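J.: Residues or ranges marked as active site, proton donor in TrEMBL: 201. According to TrEMBL, the active site, nucleophile annotation covers 368. Sequence annotations record features per position, and here TrEMBL assigns substrate binding site to 162, 200, 376. Under the heading domain 'Glycoside hydrolase family 42 N-terminal', TrEMBL lists 66-445. Residues or ranges marked as domain 'Beta-galactosidase trimerisation' by TrEMBL: 465-669.
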Ligand code: GAL
């Protein structure tokens with residue numbers, strides 16, 4: 001990961017007269033000397049171990065957001081005491097409060113936050129503090145309009161909402177750096193402060209990318225570092241076509257659909273997405289470094305929107321102590337199964353996010369969980385009674401170290417009125433979500449009482465361990481050039497992920513830096529961009545006894561996004577033991593047919609006709625179109641493992657499920673057959689079954705198990721936990 005060097009240490013801010021006023025006025029000489037010495041040695045202060053922050057026996061801490069600045073100070077004491085009474089263990093504050101922390105340039109006011117932190121401590125609540133950089137104050141944007149982001153139509157965004165700061169702007173970073181430093185100095189040694197959240201959902205929401213002058217410049221610098229010469233860039237971007245050739249890096253602009261007559265160059269787009277994700281990670285790191293330099297024994301995170309693809313959470317894995325995210329399962333329009341799905345959310349997607357975030361650096365949790373109806377969906381239905389509790393326990397089962405809900409009080413004014421909190425608008429009566437949080441807090445106590453350190457993972461569960469290989473770059477490339485409007489990368493991935501959960505398998509969604517050999521099963525869906533090194537690792541994995549499953553589109557291109565000057569997906573042909581003769585796509589609403597054993601499946605998104613080589617078995621054939629009888633999926637043995645290639649995406653995922661089941665069966669690994677949406681996981685010695693389906697389900701509890709809460713028969717939104 002490349003890093004940009006910014007004049008972001010305190011020395012340079014003090015030397016710069018534009019930034020010195022506020023600080024210098026308030027520092028005497030001795031302090032100034034200390035500051036300069038400190039900044040000359042930017043090393044982080046000694047920090048605790050992760051197990052000190054997140055004690056294994058506590059498993060998952062539960063807490064809530066509170067915005068003291070939005071409520072009358074006379075109510076803080078009551079509110080914070082009530083938060084404790086609900087069973088909360090921590091309280092989250094400070095987010096978006098820049099205008100209160102620095103009401104005028106260089107004048108900092110933390111007295112109000114001191115009082116709120118002290119009230120939390122009095123009530124034995126830990127505190128998570130948040131840097132306020134997602135909400136620049138009006139004085140800043142009026143003085144420096146260049147800190148505002150620019151959208152794809154070249155319009156500068158305005159004050160009056162949030163996330164409108166341009167984190168590529170050096171000026172913005174200086175101001176952010178100063179407020180973060182002041183905040184960290186104030187609370188970095190405060191024993192009541194447990195950890196830090198950086199910014200809020202680092203993103204520009206629906207505006208996605210910044211196209212302003214600072215971004216243009218930094219993108220060019222990045223390209224020059226990457227390619228060294230413009231000839232190399234021209235080669236990799238394929239600019240010979242349409243006379244796109246550049247003569248120097250200074251001529252390049254961010255590929256912007258609003259400035260172009262036709263489709264942007266796909267290689268330029270891929271590089272822009274790479275740069276933007278790295279730039280966002282750099283901004284997170286910039287704040288994390290400042291926090292670490294000024295705090296002691298406090299952990300650091302940011303709250304990602306995990307599947308929001310302009311940002312890449314794994315890129316921040318080394319910079320954060322814990323990776324957290326925001327989760328709002330019911331806001332209308334979700335692709336959730338069953339009659340009650342719109343009130344329950346999609347358990348499979350939720351589980352996918354846990355399994356994606358957990359392996360990044362080992363510590364993870366939900367920083368914002370929906371507490372009830374929200375205000376921003378296309379339609380904002382009520383969650384089913386019990387659904388909030390269901391989501392909390394899914395987070396527990398997924399291994400979360402913390403679970404925080406957004407928010408304690410329902411706002412009575414401002415952009416988020418209508419958003420439920422843990423209490424009703426009167427500020428004191430627990431809402432349905434508040435009661436479900438209180439229930440979960442009581443259950444966490446039951447679980448902690450029954451906790452046994454180092455409980456071994458049950459053998460049957462362990463035997464099913466599967467990894468799904470994910471690289472956001474594949475998603476960027478496919479989403480940018482789908483080739484069929486029916487293509488949806490996440491849906492494709494979920495057609496592999498959800499069956500694994502219905503088999504009762506523990507899954508990690510991993511990136512390429514991880515060791516594949518830890519998993520008996522490795523699924524590599526639609527992995528479009530490959531290189532020889534990756535193909536060799538996959539080959540070695542199977543040779544060494546792993547069961548490898550690849551799907552459509554895998555290996556079509558190199559990492560630049562070029563097709564191979566060879567057979568289609570040539571680098572994987574030897575691995576899968578087949579040639580990929582052609583691919584086909586059907587316009588809506590047409591469907592094609594596939595046959596496997598005695599079953600028939602429908603496809604519509606993507607199909608590939610395969611030509612198996614000697615030693616490779618055809619698993620399924622197409623049953624119509626002019627290529628009826630040709631192969632749709634193959635499998636082969638390789639060394640002591642197997643390789644399976646699935647050449648079609650089915651409409652409902654049943655084909656993928658049945659192919660996967662065959663892979664497990666041939667490996668002699670017994671699987672469950674849960675309805676999609678009954679998700680059962682094991683954690684720290686506890687089994688937890690969460691029912692996201694619209695009907696009653698039976699938990700797979702063995703006769704000698706001890707039910708800790710819930711019951712054998714689980715209603716929709718029900719949860720059962722047991723120990724064996
Ligand atoms: C999140 C955001 C919060 C709040 C919440 C409302 O996406 O991070 O600040 O706006 O939505 O549901």
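Yeah, the Cβs are placed from backbone N, Cα and C, and that goes for glycine too.
Source: prediction; values computed, not measured.
In the displayed structure, how are the listed features positioned relative to their neighbours?
T.: Long-range Cβ neighbours of residue 201 (active site, proton donor) (same chain, at least 6 residues apart, Cβ-Cβ under 8 Å): 134, 163, 303, 304, 305, 308, 326.
Following the DSSP three-state reduction, the secondary structure of residue 368 (active site, nucleophile) is strand. For residue 368 (active site, nucleophile), the number of other Cβ atoms no farther than 10 Å from its own Cβ, over all displayed protein chains, is 23.
Sequence-distant contacts of residue 200 (substrate binding site), defined as residues of its own chain at least six apart whose C-beta falls under 8 angstroms from its C-beta, comprise 95, 96, 130, 134, 135, 162, 163, 303.
Per-residue pLDDT, averaged over the domain 'Glycoside hydrolase family 42 N-terminal' (66-445), rounds to 97.
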J.: Are any of the recorded positions 162, 200, 201 near ligand 1, with a Cβ under 6 Å from it, and if so which?
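T.: Cβ < 6 Å from ligand 1, in sequence order: 200, 201.
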J.: At the Cα level, what's the spacing in Å between residue 368 (active site, nucleophile) and residue 376 (substrate binding site), rounded?
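T.: Residue 368 (active site, nucleophile) and residue 376 (substrate binding site) have their Cα atoms 15 Å apart.
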J.: From the centroid of the CB atoms of 162, 200, 376, the recorded substrate site, which same-chain residues not already listed sit within 8 A by their CB, in sequence order?
T.: 134, 161, 163, 201, 205, 415
J.: Would you identify the secondary structure of residue 162 (substrate binding site) according to DSSP, in three states?
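T.: Looking at the DSSP assignment, residue 162 (substrate binding site) belongs to neither helix nor strand, so coil.
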J.: On a simple 10 Å Cβ count over all chains shown, which one of the binding-site residues 162, 376 is most densely packed?
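T.: Output for this query is 162.
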